[in-house]
């Protein structure tokens, strides 16, 4: 049952409790102001007397360690105060990581590499945000690696990405997405091409771990890694691969004892595996809601948000100027493969794509590789464009791009199964 607070209402929170609310109705808007005390949203401190605005899709949990009064106005689908919160346990995880960082700083060694794992909808990206915010609040500069190609916390879906965190996330907009290191995958689940997924994770891990040596503060701050919610079968194998590629020293398992025990059995002895409860405020999302969330991230990539709008460009590219490729060829039986090649080699083969009307709405990644002779899989991407029209008569496509025409010279575009319907008005 929805609750509308047109004139607003004050909520008094005791210590170690949180105010939770959800907004599902389009065009709904909720304003929150911290009147007194101290409060935080996923590790970011709220500023007293400042109004924070939340819109459709927001699932908010404002926590206080010491007690506070919050003023809330607007239309919410759910709003309540809860004393049942795992925030103190999450703070203990931060304290343990901070001990690792202090030791690493003293010895000029690499700081902790911590993975957050668990099934879908248990709050993995939220825990990552909390741990990163707590780290920067005590002067650290950790790296954030996002391996969740389904939702994409840093880049749009279908990619893995890493970003340096230098300041706490904005309460309303999260972490700034400036200068991310992004690798193209092109599918919304690792199962779309398991061999390719492991390859891009290994490459990003290699580059990320090397980059730690370039800055002493980042080196000791370490890495927080967000992962996919696929934790059975091949999904579990991907988690083990990522833990090995990054040399994880800690794995935080959210809300699944079976996964916790499997990891205890399978990871090296020196790795700390910790079972944590999920927050009671975590909401299970339907397939439709996950799809909407992906669409919203892509829309924000091209158009920004009401607080920081972007104005993308639309221009034509002739087929002859379109150097378009896809990673992964159709599977062939071993008997049809060239001598010495295995079927899985086809999974990382770079193949040319001929433009057809089927290309419409697809996302294309702009690779830093300049030719197929380069290491295309191991090259990061500069950005993305979307095919909005295919004209077979004129032999041209229209693309939506954050940058004006033309495409950079020698640009190599990589096909993605992800689609974006550009109906922005």
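Counting starts with 1 at the first residue shown.
Using N, Cα and C of the backbone, Cβ positions are placed for all residues, glycine too.
Copied over from Swiss-Prot:
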type: BINDING; residues: 18, 59, 121, 122, 123, 124, 125, 126; note: ATP binding site
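Structural mapping of features recorded in Swiss-Prot.
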residue	record	DSSP (3 states)
18	ATP binding site	strand
59	ATP binding site	strand
121	ATP binding site	coil
126	ATP binding site	helix
Notebook entry, point to check: So how many other Cβ atoms are close to residue 124 (ATP binding site), meaning within 10 Å of its Cβ?
Noted result: 28
Checklist line | Position of peak Cβ density within 10 Å, selected from the binding-site residues 18, 121 | finding: 18
Checklist line | Neighbour-count leader, CB within 10 A, binding-site residues: 125, 126 | finding: 126
Notebook entry, point to check: Just how spread out is the ATP site if you go by the largest Cα to Cα distance in Å among 18, 59, 121, 122, 123, 124, 125, 126?
Noted result: 19
Item checked: CB within-chain contacts under 8 A for residue 59 (ATP binding site), separation at least 6 -> 20, 22, 281, 283
Notebook entry, point to check: Long-range same-chain neighbours of residue 123 (ATP binding site), Cβ under 8 Å, sequence gap at least 6?
Noted result: 254, 278, 279, 282
Check: If you count Cβ atoms within 10 Å of the Cβ of residue 122 (ATP binding site), leaving out that atom itself, what do you get?
Finding: 22
